[in-house]
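The transmembrane segment annotation in TrEMBL covers 23-44, 56-74, 94-116, 137-158, 207-227, 233-257, 269-288. Taken from TrEMBL, the feature domain 'G-protein coupled receptors family 1 profile' applies to 37-286.
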Amino acid sequence: NCTQATEFSLAGFTKDPATQATLFLLFLLTYLVTILGNLGMITLIRASPLLHSPMYYFLSNLAFVNLCTSTIITPRMLVGVLLGTKGMSYAGCMAQVFMIDLFVITECFLLAAMAYDRYVAVCHPLLYPLVMSPERCSQLVAGSYLLGLANGVGQTLGMSSLSFCSSSSINLFFCDISLLISLSTSDTALSLVILRTASCLLGVPTMLVVLVSYVAIISTILSISSAQGKHKAFSTCASHLTTVSTFYGALIFMYLVPRSDSSRGADKWAAVLYTVVTPMLNPLIYSLRNQEVKEAWKRLRKI
(Lines of atoms letter the chains of each structure in order from A; the text may use other names.)
(Lines give C-alpha, C1' and ligand atoms only; values in the text may rest on other atoms or scores of the structure.)
Protein backbone atom coordinates (compact mmCIF):
# COMPACT_ATOMS: atom_id res chain seq x y z
CA ASN A 1 0.00 0.00 0.00
CA CYS A 2 1.99 2.93 -1.32
CA THR A 3 0.69 6.36 -2.16
CA GLN A 4 3.36 7.96 -4.31
CA ALA A 5 4.33 11.44 -3.10
CA THR A 6 3.32 14.16 -5.56
CA GLU A 7 5.01 16.93 -3.61
CA PHE A 8 8.10 17.36 -1.47
CA SER A 9 8.40 19.68 1.50
CA LEU A 10 11.60 21.74 1.62
CA ALA A 11 12.73 22.76 5.10
CA GLY A 12 13.24 26.45 5.74
CA PHE A 13 15.99 28.14 7.73
CA THR A 14 13.91 29.46 10.61
CA LYS A 15 10.34 30.13 11.72
CA ASP A 16 11.08 33.52 13.26
CA PRO A 17 9.44 36.26 11.08
CA ALA A 18 12.14 38.85 11.75
CA THR A 19 14.92 36.42 10.87
CA GLN A 20 13.03 35.32 7.75
CA ALA A 21 12.76 38.93 6.58
CA THR A 22 16.48 39.45 7.16
CA LEU A 23 17.37 36.27 5.27
CA PHE A 24 15.08 37.24 2.39
CA LEU A 25 16.78 40.62 1.97
CA LEU A 26 20.23 39.05 2.30
CA PHE A 27 19.55 36.30 -0.27
CA LEU A 28 17.83 38.77 -2.62
CA LEU A 29 20.84 41.09 -2.51
CA THR A 30 23.15 38.13 -3.05
CA TYR A 31 21.14 36.96 -6.07
CA LEU A 32 21.08 40.43 -7.64
CA VAL A 33 24.85 40.76 -7.21
CA THR A 34 25.25 37.28 -8.72
CA ILE A 35 23.17 38.16 -11.78
CA LEU A 36 24.85 41.53 -12.37
CA GLY A 37 28.35 40.25 -11.62
CA ASN A 38 28.25 37.19 -13.86
CA LEU A 39 26.41 38.90 -16.71
CA GLY A 40 28.86 41.78 -16.44
CA MET A 41 31.81 39.39 -16.55
CA ILE A 42 30.46 37.59 -19.63
CA THR A 43 29.76 40.89 -21.40
CA LEU A 44 33.17 42.35 -20.52
CA ILE A 45 35.04 39.26 -21.74
CA ARG A 46 33.15 39.22 -25.02
CA ALA A 47 33.48 42.98 -25.60
CA SER A 48 37.15 43.44 -24.69
CA PRO A 49 39.85 42.15 -27.09
CA LEU A 50 42.26 42.31 -24.13
CA LEU A 51 40.42 39.36 -22.57
CA HIS A 52 40.23 37.12 -25.64
CA SER A 53 42.48 34.40 -24.21
CA PRO A 54 41.91 30.80 -23.04
CA MET A 55 41.74 31.73 -19.35
CA TYR A 56 38.95 34.24 -19.91
CA TYR A 57 37.16 31.93 -22.32
CA PHE A 58 36.94 29.40 -19.49
CA LEU A 59 35.99 32.16 -17.07
CA SER A 60 33.07 33.33 -19.22
CA ASN A 61 31.71 29.78 -19.29
CA LEU A 62 32.21 29.50 -15.53
CA ALA A 63 30.22 32.73 -15.11
CA PHE A 64 27.41 31.27 -17.24
CA VAL A 65 27.34 28.07 -15.16
CA ASN A 66 27.30 30.08 -11.92
CA LEU A 67 24.43 32.15 -13.28
CA CYS A 68 22.43 29.02 -14.12
CA THR A 69 23.16 27.30 -10.79
CA SER A 70 22.07 30.33 -8.79
CA THR A 71 18.91 30.81 -10.89
CA ILE A 72 17.89 27.17 -10.45
CA ILE A 73 17.98 27.44 -6.65
CA THR A 74 17.82 31.00 -5.31
CA PRO A 75 14.45 32.28 -6.70
CA ARG A 76 12.64 29.22 -5.31
CA MET A 77 14.41 29.69 -2.00
CA LEU A 78 13.38 33.37 -1.91
CA VAL A 79 9.73 32.43 -2.44
CA GLY A 80 9.94 29.91 0.37
CA VAL A 81 11.55 32.39 2.77
CA LEU A 82 9.11 35.20 1.91
CA LEU A 83 5.82 33.30 1.67
CA GLY A 84 6.65 30.29 3.81
CA THR A 85 5.70 27.92 0.98
CA LYS A 86 7.74 24.75 1.36
CA GLY A 87 6.12 22.50 -1.22
CA MET A 88 7.69 21.55 -4.54
CA SER A 89 6.05 19.20 -7.02
CA TYR A 90 7.59 15.84 -7.85
CA ALA A 91 8.23 16.94 -11.46
CA GLY A 92 9.76 20.22 -10.29
CA CYS A 93 12.02 18.38 -7.86
CA MET A 94 13.24 15.96 -10.54
CA ALA A 95 13.90 18.87 -12.90
CA GLN A 96 15.92 20.63 -10.19
CA VAL A 97 17.93 17.45 -9.53
CA PHE A 98 18.73 17.18 -13.24
CA MET A 99 19.82 20.80 -13.60
CA ILE A 100 21.89 20.87 -10.42
CA ASP A 101 23.69 17.62 -11.29
CA LEU A 102 24.33 18.96 -14.79
CA PHE A 103 25.83 22.30 -13.76
CA VAL A 104 27.75 21.14 -10.66
CA ILE A 105 29.70 18.55 -12.67
CA THR A 106 30.15 21.03 -15.52
CA GLU A 107 31.64 23.50 -13.04
CA CYS A 108 33.95 20.81 -11.68
CA PHE A 109 35.35 20.15 -15.16
CA LEU A 110 35.62 23.86 -15.99
CA LEU A 111 37.62 24.44 -12.80
CA ALA A 112 39.86 21.51 -13.73
CA ALA A 113 40.34 22.95 -17.24
CA MET A 114 41.23 26.33 -15.73
CA ALA A 115 43.75 24.67 -13.40
CA TYR A 116 45.34 22.86 -16.36
CA ASP A 117 45.42 26.16 -18.27
CA ARG A 118 47.30 27.85 -15.40
CA TYR A 119 49.65 24.86 -15.16
CA VAL A 120 50.63 25.15 -18.83
CA ALA A 121 50.95 28.95 -18.58
CA VAL A 122 53.26 28.84 -15.54
CA CYS A 123 55.18 25.58 -16.06
CA HIS A 124 55.40 25.46 -19.88
CA PRO A 125 54.94 29.04 -21.13
CA LEU A 126 56.67 28.45 -24.48
CA LEU A 127 54.25 25.63 -25.34
CA TYR A 128 51.18 27.55 -24.13
CA PRO A 129 49.96 28.85 -27.55
CA LEU A 130 50.26 25.36 -29.03
CA VAL A 131 48.77 23.38 -26.15
CA MET A 132 45.94 25.80 -25.31
CA SER A 133 44.85 26.45 -28.89
CA PRO A 134 41.31 27.72 -29.59
CA GLU A 135 40.33 24.25 -30.80
CA ARG A 136 41.63 22.60 -27.60
CA CYS A 137 39.80 25.14 -25.43
CA SER A 138 36.54 24.58 -27.31
CA GLN A 139 36.92 20.84 -26.88
CA LEU A 140 37.51 21.18 -23.12
CA VAL A 141 34.46 23.41 -22.66
CA ALA A 142 32.22 21.24 -24.86
CA GLY A 143 33.41 18.13 -23.00
CA SER A 144 32.60 19.78 -19.66
CA TYR A 145 29.01 20.45 -20.71
CA LEU A 146 28.57 17.00 -22.25
CA LEU A 147 29.86 15.22 -19.14
CA GLY A 148 27.63 17.41 -16.99
CA LEU A 149 24.67 16.52 -19.22
CA ALA A 150 25.50 12.81 -19.00
CA ASN A 151 25.64 13.08 -15.21
CA GLY A 152 22.30 14.90 -15.05
CA VAL A 153 20.56 12.38 -17.30
CA GLY A 154 22.06 9.38 -15.50
CA GLN A 155 21.19 10.62 -12.02
CA THR A 156 17.64 11.58 -13.03
CA LEU A 157 17.00 8.23 -14.71
CA GLY A 158 18.24 6.46 -11.59
CA MET A 159 15.86 8.58 -9.49
CA SER A 160 12.84 8.05 -11.74
CA SER A 161 12.32 4.45 -10.61
CA LEU A 162 12.24 5.29 -6.89
CA SER A 163 9.04 5.41 -4.82
CA PHE A 164 8.40 7.91 -2.04
CA CYS A 165 5.63 6.61 0.19
CA SER A 166 6.42 7.74 3.73
CA SER A 167 8.32 10.92 4.48
CA SER A 168 8.51 13.56 1.75
CA SER A 169 10.28 16.21 3.84
CA ILE A 170 13.73 17.32 2.66
CA ASN A 171 15.88 18.98 5.29
CA LEU A 172 17.35 21.44 2.79
CA PHE A 173 16.20 24.37 0.66
CA PHE A 174 16.51 22.51 -2.67
CA CYS A 175 16.07 18.97 -3.95
CA ASP A 176 19.36 17.28 -3.16
CA ILE A 177 19.78 13.87 -4.76
CA SER A 178 21.46 12.20 -1.77
CA LEU A 179 18.64 13.26 0.57
CA LEU A 180 16.00 12.14 -1.93
CA ILE A 181 17.58 8.69 -2.19
CA SER A 182 17.56 8.37 1.61
CA LEU A 183 13.82 9.22 1.65
CA SER A 184 12.86 6.54 -0.87
CA THR A 185 10.94 3.47 0.31
CA SER A 186 11.99 1.34 -2.67
CA ASP A 187 15.29 -0.39 -3.48
CA THR A 188 17.88 2.36 -3.82
CA ALA A 189 20.80 0.14 -4.86
CA LEU A 190 20.85 1.31 -8.51
CA SER A 191 20.54 4.99 -7.60
CA LEU A 192 23.35 4.70 -5.06
CA VAL A 193 25.57 2.89 -7.59
CA ILE A 194 24.97 5.65 -10.15
CA LEU A 195 25.61 8.37 -7.57
CA ARG A 196 28.82 6.82 -6.26
CA THR A 197 30.07 5.89 -9.74
CA ALA A 198 29.51 9.44 -10.96
CA SER A 199 31.33 10.82 -7.92
CA CYS A 200 34.29 8.51 -8.50
CA LEU A 201 34.51 8.87 -12.28
CA LEU A 202 33.58 12.56 -12.62
CA GLY A 203 34.08 14.38 -9.33
CA VAL A 204 37.27 12.83 -7.95
CA PRO A 205 39.37 13.10 -11.16
CA THR A 206 38.62 16.82 -11.48
CA MET A 207 39.78 17.37 -7.90
CA LEU A 208 42.97 15.42 -8.64
CA VAL A 209 43.64 17.48 -11.78
CA VAL A 210 43.30 20.68 -9.76
CA LEU A 211 45.48 19.33 -6.94
CA VAL A 212 48.26 17.99 -9.19
CA SER A 213 48.23 21.15 -11.32
CA TYR A 214 48.68 23.42 -8.32
CA VAL A 215 51.37 21.24 -6.76
CA ALA A 216 53.32 21.61 -10.01
CA ILE A 217 52.53 25.34 -10.20
CA ILE A 218 53.66 26.04 -6.64
CA SER A 219 56.83 23.99 -7.17
CA THR A 220 57.63 26.00 -10.30
CA ILE A 221 56.90 29.33 -8.60
CA LEU A 222 59.18 28.47 -5.67
CA SER A 223 62.01 27.72 -8.10
CA ILE A 224 61.82 31.24 -9.59
CA SER A 225 64.73 33.28 -8.26
CA SER A 226 63.30 36.82 -8.35
CA ALA A 227 60.60 37.94 -5.94
CA GLN A 228 58.93 39.92 -8.73
CA GLY A 229 58.74 36.82 -10.91
CA LYS A 230 57.21 34.82 -8.07
CA HIS A 231 54.62 37.50 -7.43
CA LYS A 232 53.68 37.74 -11.11
CA ALA A 233 53.35 33.97 -11.47
CA PHE A 234 51.32 33.57 -8.31
CA SER A 235 49.01 36.48 -9.18
CA THR A 236 47.87 34.66 -12.32
CA CYS A 237 46.65 31.74 -10.20
CA ALA A 238 45.45 33.34 -6.95
CA SER A 239 41.93 34.13 -8.17
CA HIS A 240 41.32 30.64 -9.51
CA LEU A 241 42.80 29.02 -6.40
CA THR A 242 40.42 31.06 -4.22
CA THR A 243 37.43 29.98 -6.31
CA VAL A 244 38.47 26.31 -6.26
CA SER A 245 39.05 26.32 -2.50
CA THR A 246 35.61 27.79 -1.76
CA PHE A 247 33.72 25.51 -4.16
CA TYR A 248 35.39 22.20 -3.35
CA GLY A 249 35.65 23.01 0.36
CA ALA A 250 31.88 23.35 0.64
CA LEU A 251 31.25 20.19 -1.42
CA ILE A 252 33.68 18.12 0.66
CA PHE A 253 32.17 19.36 3.91
CA MET A 254 28.63 18.59 2.77
CA TYR A 255 29.10 15.21 1.13
CA LEU A 256 32.33 13.63 2.40
CA VAL A 257 32.80 14.70 6.02
CA PRO A 258 31.12 12.15 8.35
CA ARG A 259 28.99 13.58 11.17
CA SER A 260 26.04 12.78 13.42
CA ASP A 261 22.40 13.55 12.63
CA SER A 262 22.43 16.33 15.24
CA SER A 263 25.02 18.25 13.21
CA ARG A 264 23.17 17.97 9.91
CA GLY A 265 21.93 21.55 10.24
CA ALA A 266 25.34 22.69 9.05
CA ASP A 267 24.52 21.12 5.66
CA LYS A 268 22.23 24.01 4.86
CA TRP A 269 24.95 26.58 5.30
CA ALA A 270 27.48 24.50 3.38
CA ALA A 271 24.90 24.24 0.58
CA VAL A 272 24.34 28.00 0.76
CA LEU A 273 28.09 28.49 0.34
CA TYR A 274 28.47 26.53 -2.91
CA THR A 275 25.04 27.23 -4.47
CA VAL A 276 24.44 30.86 -3.47
CA VAL A 277 27.61 32.53 -2.16
CA THR A 278 30.24 31.07 -4.52
CA PRO A 279 28.39 32.09 -7.74
CA MET A 280 28.29 35.64 -6.34
CA LEU A 281 31.93 35.70 -5.22
CA ASN A 282 33.51 34.35 -8.43
CA PRO A 283 33.06 37.48 -10.60
CA LEU A 284 34.03 39.69 -7.66
CA ILE A 285 37.20 37.67 -6.99
CA TYR A 286 38.29 37.76 -10.62
CA SER A 287 37.47 41.45 -11.09
CA LEU A 288 39.05 42.69 -7.85
CA ARG A 289 42.23 40.58 -7.99
CA ASN A 290 42.88 40.62 -11.74
CA GLN A 291 44.71 43.56 -13.25
CA GLU A 292 43.75 42.63 -16.83
CA VAL A 293 40.04 42.68 -15.96
CA LYS A 294 40.44 46.09 -14.31
CA GLU A 295 42.28 47.42 -17.37
CA ALA A 296 39.65 46.02 -19.74
CA TRP A 297 36.90 47.64 -17.68
CA LYS A 298 38.71 51.03 -17.79
CA ARG A 299 39.12 50.82 -21.57
CA LEU A 300 35.49 49.85 -22.05
CA ARG A 301 34.34 52.83 -19.99
CA LYS A 302 36.34 55.20 -22.21
CA ILE A 303 34.61 54.00 -25.40
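Backbone N, Cα and C define each Cβ position, glycine as well.
For the transmembrane segment (56-74), same-chain residues at least 6 beyond its ends with a Cβ under 8 Å from one of its own Cβ atoms are 27, 30-31, 34-35, 37-39, 41-42, 45-46, 96, 99-100, 103-104, 106-107, 110-111, 113-114, 117, 137, 140-141, 144, 173-174, 243, 275-276, 278-280, 282-283, 286. The stretch in closest packing with the transmembrane segment (137-158), judged by the count of Cβ pairs under 8 Å and taken from 23-44, 94-116, 207-227, 269-288, is 94-116. Taking every recorded stretch in 23-44, 207-227, 269-288 and counting its Cβ pairs under 8 Å to the transmembrane segment (94-116), the highest total belongs to 207-227. Here the transmembrane segment (207-227) has long-range neighbours at 108, 111-112, 115-116, 118-119, 122-123, 233-234, 237, 241, 244, 248, meaning same-chain residues at least 6 beyond its ends whose C-beta is under 8 angstroms from one of its own. Within the model, the domain 'G-protein coupled receptors family 1 profile' (37-286) shows a mean pLDDT value of 84, rounded to a whole number.
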